[in-house]
Amino acid sequence: MKASKGLLLVLMLGMAAGCGSSADSAADYVESGNEFFDNGNYDKARLEYKNAIQIDPRQAEPYYRLALLDEQSKNWKQMFANLTTVEQLDPNHVDAQIKLGRLYLLGGKLDEAMTRADKALSLKPESFDGRILKASILAKEQKFDEASKLLAEVAKDYPDHKDILSLEVLILKDKGQLPAALAKAQEAVEKYPEDLSLRLIELSLYNEMKDYKGMANVYEEILERKPDEREVVLSYAKLLVSQLDRYDDALNILQSFLKIHPDDAEAQQFLLGLINQKNPQEALTKLDEMIKAAPENYDLRFAKAALLDKNGDVDGSVSELNRIVEEDPQGINGNKARVMLASYYASKQDFNKARELAQAVLDVAPEESGALLVRAKLDLIDQKYDQAVTDLRTVLRNSPDSDEAMILLAQAYQKQGSEALAEDSFRQALAANPYNATAALTVSSMLVQESNYDKAEQVLVTALDKNPTNATLLQQLTEVRILKKDWKAGIETIDLLKDQQGDTLLSHLLSGQLYEGQGDYALAKAEYEAALELEPNSSRAMQGLATSMEALDENEQLESYLNNFNQKYPNSMNGYATLAIHYFRVDKAEQAVSILEKKIAEQKNWTLGYSLLTDYYLRNDKLNDAAKVLKQAVDNIDDNIRFSLQLASIEESRGNYGEARNLYDAILKKNNNVDIAANNLASLLTDRFESPENLNRALEITQRFKSSTQPYFLDSYGWVNVKLNKLDEAKPVLEQAVSLEPNVAVFNYHLGVLHAKQGNNDLARQYLNTAKQQASQDNDSTLMADIDTALSALDN
């Protein structure tokens, strides 16, 4: 039976009315989520926003609302990801632009922050938040006049607004006008007595002025109004103990807080730590009372193990952890205790016991992060890098913000020779935890290599907030400030080191480095001499002394000093190395070579000697002599990969391709993760030893480079695919290599050949002509001949 047109129309209309558009349905979920959000039911709100995204992932609003939830939970990383999605879906979302700008400002990316502020204000010029953001960025850029002018304009519409007052205070603080900033902050507090953020600014000003009594008064005033603010209570107690020597007052404040909040674990731990400073036995007694009152509270049991360990009773701590394992053999707490015991045994180098305990946890909980971290550390020790990487990736899948796992993963990548992946992991670790000293040191070193000294300084200063006595951080910060020629700040950092440690080898070395940077070589010399009195064999001090004395034209005195040192310490190589370097610098190369050759003959594993001699021969185009030294180094030094790479490069340049191939093969047999050796061997197999067998081996070797960010590695992988006629595989890889380095002749040549094979003659000619022009500039006659051959084939 046929339905009438009218009935069909009614049915269709009914279906349309019942279904509605996906945008409408998504909007309903967003509206429902907003109601939950406004009522403080954040879990249900999150679920509704995710439902909206499932229905219509093109809508920006649910992602923005998720970002607000992330802001509530201080999940900045996920907030940034959601706001970035909003920006992509709706570039005109003003509020998202402003919040994204704030995150960039907090991360120190001022250009990105200003881009978002300007975008928001172009869409909504009267936006209060947009103008405040822009003023904040200007202040951070130290454009104080522009920032103040903008704030004055905003104040016309919003007189005495809290955010305006706060920013005015911070501008005065950044300008170094601390008393004026404090007076302004106190005015703002009078207007907004309940606002905690203004009180925190006031505290920071007193702290910078080292007025700890003033800080104590502010804390008292806050607690009168908000006695339940745990962070205020803990911070105040720390101040009373560390700066005002008011131990009993700190104790009373904590005990009063715990009467109201008896189960607050952090306050309990702080109180116990405080008691432990004066009377460790009383702290243990107090802790036992707490455990007796709450025997199921395993946090207190772990606190006892930690306290015993801190007080030097390691056996007692281990016994307590073993008791927890016995009482909860299959539970979370038992596993936690096993992980802690595994870490303890690993620290004692009982690696078998540590692995046994970690494995016992993983047998019942295969993805337990603590046990995986212990096993990964053990695998790194055993050089099982692939297994360590697998475990660490599992940890990060379950705990994406684990900076410890990121650091270990970076170290594993370094061991594998994957520097790009290692650098990325270190940067992620720093983003997850800006106070992680290991990540801060590594990332700041990368930034120094990029000449981004301001960002390097910011990274180190942030890390020092939580690691104020870390000498390595202070050392690197001093070195960065010397590179910036910020002598005043450099001296301040050295003084911090001296305050903590007194006059040490490190403080003298850094002072010498700073004076050397200023060109005050007499003072630099004095500091290096003081360093050598503390440590006569310090290579850094000796090199600094040599540089300073050369600048003072005291070459004879320097040579006399070094010769005397070498007679006194004949088995120390530092004096000989410094003297050789000095001779090279003052055009006494024969004497330098003589010293190095003599000492290498005596100390066949002297790595620096081989390096200095090789560098000299290479600087003077004496390839045969350099190769001879490098062969000695390869034969005599166990860890000889660097020398093998140098020798292989020389053999290639001399046309000894078979020798180079053997060297690269030997390197990869020793360590298959050396990417440079893999890349260069593949290039030789592809271009110098081409055969079906060698091309397939080159493809196997370069498979690791398919997703590389290094253009030379991408080119090697792409080129072997061209040779094997796997053109679809080769094309995107070679295009990426050219996009990363458009001025490298061989990259353009390889892409040109690919287009020729695909019949894209116009594109082939374009890339080949570009390659020919670049090869001509590089005077690469061999490549030019190959390019001419390819162009001739196109013409025919």
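Please read every residue number as a count from 1 along the shown chain.
Every residue gets a Cβ built from N, Cα and C, even glycine.
Here TrEMBL flags 1-26 as signal peptide.
According to TrEMBL, the feature repeat 'TPR' maps to 26-59 (among others). For the repeat 'TPR' (26-59), the predicted model reports an average pLDDT of 90.
Broken down with DSSP, the repeat 'TPR' (94-127) shows 27 helix, 0 strand, 7 coil. TrEMBL lists 94-127 (among others) with the feature repeat 'TPR'.
Annotation comment: TrEMBL describes 403-436 (among others) as repeat 'TPR'. Long-range contacts of the repeat 'TPR' (403-436) within the same chain: residues 77, 369, 373, 376-377, 380, 383, 385-386, 388-389, 392-393, 395-396, 442-443, 446, 459, 462-463, 465-467, 671, 673-676, 708-710, each at least 6 residues beyond the stretch ends and with a Cβ under 8 Å from a Cβ of the stretch.
TrEMBL lists 437-470 (among others) with the feature repeat 'TPR'.
The feature repeat 'TPR' is assigned by TrEMBL to 505-538 (among others). Using DSSP to sort the residues of the repeat 'TPR' (505-538) gives these counts of helix, strand and coil: 28 helix, 0 strand, 6 coil.
Helix, strand and coil content of the repeat 'TPR' (437-470), in residues and according to DSSP, is 27 helix, 0 strand, 7 coil.
Taking Cβ pairs closer than 8 Å, the repeat 'TPR' (94-127) reaches residues 60, 64, 67, 71, 76, 79-80, 83-84, 86-87, 133-134, 136-137, 140-141, 157, 455, 458 in its own chain, all 6 or more past its ends.
Listed by sequence, the residues of this chain that lie at least six past the ends of the repeat 'TPR' (437-470) yet keep a Cβ under 8 A from its Cβ atoms are 108, 403, 406-407, 410, 423, 426-427, 429-430, 476-477, 480-481, 483-484, 500.
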